[in-house]
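Shown next, in structure tokens, is the structure this report addresses.
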């Protein structure tokens, strides 16, 4: 077994993957199994490099100049501007011979060729869109405007045009041009053929309390859902009034399970319809971009039409209310089966297709967080499909079932004002998510987290059955509110929605096309990855303005339920805890990814979610 060459903490020169440029790095650790060094660049970026890509600093010391051995003509060239065809101007020293003059000209040509070759080689090997200083944590400017790249290109355009004309009408011998062309083609061939080395992305830091915390979550998440649904059925849903446990045989109904399967495959059929545009997601670690069909809103319209047909033929939709616990159990069983399938198939997935957050090597952890990043059956993306379709649209259907159940149980000709507000607010939220379906491709769930039990259970069970808790609560515990109170709650929801939607649109548009003229007024901090961190607009107000809008809307959804019990406010409490934890995950991930640029961003935008509070 080969011994390591560089020690932890040693400052060396590390090669940037895919280039010939070396930067000063510090060795932080060594993997004895993969034989890879983890090194840290000056800007905070951490990468895993092979030993062949690391050199000691002594090998990069500049060599002593050889100018002392140069010819007399070269030394005198700096003091004389005489031409070989002007014999009337005698030189101060002895006249140079013809051979010396030719030697001087050849050396000058060689120097010019080396200089002209240096520029394209450096450009070809330049990582991302940043310069060397920026990769070493020394950006040329702290902030940049979205049009800065265009202005720079316009400034350089005349110089590039002059260079092209000079090269076109150069008086150098064709032999030298041919030689230069051959050298340059060799360099270019070397660049094209040499692949970017892929390193193993093992998950080193375990989240959610490690393996023990993950095991507890797998048990607690289903238990929490069942507990909340049982509490809503109680006449007194206070926390101290623990509901009696139902008989196990009453929790399962094969007909209900069949309806769940029918619902899942109906949404899958809508997903496969050749309607809607096809877009590319963000680049993966391999540089490949996956394609996604954007037709979620069409699926929503078709589902609404199908529900309308069922109601027209007098189908009792409040059947969902009577068997909601059985539907939740069936959905949980299906999510568990799907998670097992996802983990088994991920064992055969290539290394580059594994999720950076779920590749720890521990079964329980990878099963929960998701081992494979984008599991697909052909072109059918399982994670992307489950993210918005079955659970989110199912949430709206359950809300509608609760509205009809309230009217039937309390003999109402129209729903209560509280029920109308809850249904309207959440319908707007779901319709907005499906209308802006493309925006989900830039979220952490799609770009970073794998598809395992966490997302499968969250998408198929937690979202439809916990997010509909307010409507379920109002069926058994009706609340009467006045129109002024309803108007105030509506204004609060609109404020939250405006912050949520405008912040997300600003972020997504900037990620898709930073050079968009519509975003020219936005300032950003450049990073070593080539991306920018917005410091104006909503993202200069707090670091996660979309989370702030989400929390305000969650509060507006719970207020129509009154203040008799804390149960309908579970969603707000849970959502604050979820977003604070997610913000901490984002903070840790961005600090590792962007290094010093993220620290400068945090100094510029000190508040995380709540301005002047947190």
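The chain as shown is numbered from 1 upward.
Here the Cβ of each residue, glycine as well, is placed from N, Cα and C on the backbone.
Looking at 159-181, 182-204, 251-273, the stretch flagged in TrEMBL as transmembrane segment turns out to be 251-273.
Checked against TrEMBL, the range among 421-440, 481-500 recorded as transmembrane segment is 481-500. The transmembrane segment (455-475) shares more Cβ pairs under 8 Å with 325-344 than with any other stretch in the list 294-313, 325-344, 481-500, 562-581. Counting Cβ pairs closer than 8 Å and at least 6 residues apart in sequence, the transmembrane segment (212-231) and the transmembrane segment (325-344) reach three or more and so form a contact. Packing against the transmembrane segment (481-500) from elsewhere in the chain are residues 417-418, 421, 425, 428-429, 432, 538, 545-546, 548-557, 559-560, 562: each is 6 or more residues past its ends and has a CB under 8 Å from a CB in it. Contact between the transmembrane segment (294-313) and the transmembrane segment (325-344) does not hold: fewer than three of their C-beta pairs are under 8 Å, each pair 6 or more apart in sequence.
Within the model, the domain 'Tudor' (4-62) carries an average pLDDT of 80. When Cβ-Cβ distances below 8 Å are used as the criterion, the transmembrane segment (325-344) is approached by residues 222, 225-226, 229-230, 246, 250-253, 256-257, 259-261, 264, 363, 366-367, 370-372, 375, 382, 451-453, 456-457, 460-461, 464-465 of the same chain, each at least six residues removed from its ends.
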